[in-house]
Amino acid sequence: MGERFVVVLTVQKTSGKEGERLDNIEVHPAPDTGESSSRIPGFAEQLEDSVFEPTVPLVEYKREPNKYGDGVPKENSPFINNTENDKNNYDGTNMALFEEEMDRHPMVSSLLDKLANYTNLSQGAQEHEEADEEGSKKKSIKSPQMGTFMGVYLPCLQNILGVILFLRLTWIVGTAGIMESLAIVGLCCSCTMLTAISMSAIATNGVVPAGGSYYMISRSLGPEFGGAVGLCFYLGTTFAGAMYILGTIEILLTYIVPKAAIFRAERKEDEMNALLNNMRIYGTCCLSLMAIVVFVGVKYVNKLALVFLACVVLSIISIYAGVMKSSFDPPDFPVCMLGNRTLQNRQFDKCLKTEIVNNNTVSTQLWRLFCDGPGLNSTCNEYFVNNNLTVIQGIPGLASGVISENMWSAYGPVGMLVENKRLPSVGAIDPAKDIYLPYVVNDISTFFTLLVGIYFPSVTGIMAGSNRSGDLRDAQKSIPVGTILAIATTSFIYISGVIFFGACIEGVLLRDKFGDSVKGNLVIGTLSWPSPWVIVIGSFFSCCGAGLQSLTGAPRLLQAIARDGIVPFLQVFGHGKANGEPTWALLLTTGICEIGILIASLDAVAPIL
């Protein structure tokens, strides 16, 4: 028993009694020999005549396999009594908690190739995609190749920057003011940074298991903690999908094709109800289409991942380019003011009460909105008669000094008129009657904690990198570095956005949530360069991509929880198609997501997250 051999011998006893003959010995050659395995029918006869050069001690193993080791003895565990002789058992596996940086940068061609093959799918989704494509063919096992930049940083960046940045950040800045907006951004970004640091502590405390954030938490902290966190994460991801879909439909119906609306309001007080009903119809159709795409195959989502990423990056670049351009050449977006009140200019083209046509004074479209007839002797609204019309620039530019006027908050109840206090105004006797005239008004009551709830989803998405733990070449390094860098980058974008929006855009336009005062343009789009359509199209595809990714990731998370058996009645959702695709989990996810769609308001769904 003291002799040493070149190969590792797996010994199987033919009887449970001690001292009996050991038979049925499997001999596996060393990795560098290339010889085929052989079976030795007898131990004593073959052992004496063996031609192998002894290097490894032959030890009879009598222990039962540990509960979580899949038959691997405790002596070979990377955490207990590990020896140099066991090193070959972990060839190709990165067991280091720390290691040196690369001595040289990757070649440009390698970086471009990785960018061309960029995907934002988690490991489980990719495995299902590969199973669909390969069928029953045997696949060669590939070691994880993704690094920090492509595997963690870009997916986190794409998931964090999204619908709230494009649709609500300008409104938050105008309502809360620059100072309180910075407090909101700082508070929310601090929460996600602390979460990322806690996740990094788990990721660097040993080998990171494949399977994403849920497996990393449940295998490190236990199934109880993992199940509780996993269910919250699942519900948050599902409602995030509803939020992204509602953002997609809002962009479509408000800024791209307003004529596509099915329900139309005959009176101004019915406009919000009509918008909500349109959101429900189109949102349900969009959710159904996305669910079909995910059911058919996630490979279609994967093919569009680079397009969605490009939309986000180009949109951010166009915003900064527009900010710089506004300092010397502000864009022309006039806002019509009646007294100090902001007017919706969707229904008129000239900011005039009357005009000269063929040497005759005639009324304008704006006159007809405030008077009971087109004639100059018609009875008109009191405030319309007593106040003058003025035109101000909605984007005065970075050097205009408007930042001092946007420093402080302008909270108010629902129905409050959006006003510019610097302009002169003669008050009306009964201003409550004026909210149904074509003024820009608050559609909801606003206060600090509400804005925190609406803004917070814009800093989520930090788990996108850890969800790909099985695809990372060095997960212990890539997850902490990539996630924290992504949070730092997006925090800089949000903080600089708050300051630049407050320094470039007039306050009444900032508080105009749907851009009614600039002919229905997206407010952040009016600042961008070279065209508002860059932001509109970019934000549309960004929201579509984020919605698809939520519907791709949430069912797989539920499937993982169900297969662990933590919640017994959820075990049915652990089953799916033959390739492991979570069909039943996708069905439940679609149903929960539809609840968010039926709420129909982005401002009501966002605080749920």
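Using the three backbone atoms N, Cα and C, a Cβ is placed for every residue, glycine included.
Where the annotation comes from TrEMBL, it is an automatic prediction and has not been curated.
Looking at 15-40, 119-144, the range tied to region 'Disordered' in TrEMBL is 15-40. In this chain, the transmembrane segment (228-258) does not touch the transmembrane segment (484-510); fewer than three CB pairs sit within less than 8 A of each other, excluding pairs fewer than 6 residues apart. Here the transmembrane segment (279-298) sits apart from the transmembrane segment (304-323); fewer than 3 CB pairs are under 8 Å, leaving out pairs fewer than 6 apart in sequence. Within its own chain, the transmembrane segment (146-170) is flanked in space by residues 106, 114-115, 118, 120, 243-244, 247, 250-251, 308-309, 312, 315-316, 454-455, 457-462, 464-468, 471-474, 477-479, 481-483, 485-487, 489-490, 493-494, 497-498, 501, 505, 510, 513, 522-524, 535, 538-539, 542-543, 545-546, 549, 602-603, 606, which lie at least six positions past its ends and keep a Cβ under 8 Å from the stretch.
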